[in-house]
Amino acid sequence: MFRRGGRILNRRIFGAGISAFRVQGRKCASDLSKALASGPKFSDFLKGDKEEQLKPEEAYELEENVVLPNGSVHKRLPSWLKTKVPLGTNFNKIKNDLRGLNLHTVCEEARCPNMGECWGGKDKTRATATIMLMGDTCTRGCRFCSIKTSRKPPPLDPNEPEKTAEAIKRWGLGYVVLTSVDRDDLADAGASHIAKTISLIKSKAPQVLVEALTPDFSGNLDLVSHVAKSGLDVFAHNVETVEELTPFVRDRRANFRQSLRVLKHAKSVSPHLITKTSIMLGLGETDEEIEATLGELRKNEVDVVTFGQYMRPTKRHMKVQAYITPDKFEHWRKRAEELGFLYVASGPLVRSSYKAGEFYLTNILRRRTAAKAQADH
């Protein structure tokens, strides 16, 4: 245990009992090394057993139980974290097409709570789907993510870019998000595969807005450029958490500063791009750390930020440290807007791609309407 600002701090990060040690805002290097060494290893995430997946109430279970004033222990899932069962014609059509084309979505693989809402948008032009490229197996083992992990995933499907573009054209969506697993085993980390998919979508369905949620390409900025110049509208890369918690949350090959460089470089080579990132809350971060993170993102010209509640996917992953209330999410939305972000989506169930089309389009239309009104005066 250590003291920070007069209080004892011993924040437990993983269910396995790893602690994040801090001394007056800085990590103690030796204790950080010990904590990382004793935590889940890359091999612990290889070929995850689906039977370990948690129920929603378990996924949001707190690391430490909250004792209420009457002495009872709080374990019930807050009402704002409950969602409806996915239904709807558009939802079923997208799901069936995915099966027929052997495509994957991060919506399903990451067990997103908003799948039915996004896929079943009020009309096709408002519906959003997030296609996961390069298979369903990642070469990294982040401590928050439920995607399968392997040192040597299966080879890429050379027909995937064409099949993806055809599916998007068939669905008639207004907005599509492309994400991918990390493929550190490939010479270009999959950059050419992602870029080809984007180009084909724009060729087959030029009306579709395309967002790409990319890996960090191990910091190779030439690969970042290749994707950024491929015709997409939104370049997204997630920092996931505050800098102080990054070593505990993300794979050890990921780096907060590296992620900032990726986002800034994408904007520098394609100034028209909207750049976007996402932050999970409830991992044990402090308000000061969130504030500093937002400042760094703006310094690196990031346009859009989203905030959502961390959800634990399996028992091998980190436990939730805190339920962040809707009021607190609203606080961070307002604060981010004050700092100059073009758009902010903030809420307990928001994910990096949550109803991206609706948020993006609504914001752009609002700006155009305001500009027209000003011109008329």
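Placement of Cβ uses the backbone N, Cα and C atoms for every residue, glycine included.
Here is what Swiss-Prot records for this protein:
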TRANSIT   1-77  transit peptide
BINDING   CYS107, CYS112, CYS118, SER353  [4Fe-4S] cluster 1 binding site
DOMAIN    123-342  domain 'Radical SAM core'
BINDING   CYS138, CYS142, CYS145  [4Fe-4S] cluster 2 binding site
Other C-beta atoms that fall within 10 angstroms of the C-beta of CYS138 ([4Fe-4S] cluster 2 binding site): 24
Where CYS138 ([4Fe-4S] cluster 2 binding site) sits in the secondary structure, as DSSP reduces it to three classes: strand
Model confidence over the domain 'Radical SAM core' (123-342) (mean pLDDT, whole number): 91
In three-state DSSP terms, the structure that CYS145 ([4Fe-4S] cluster 2 binding site) belongs to: coil
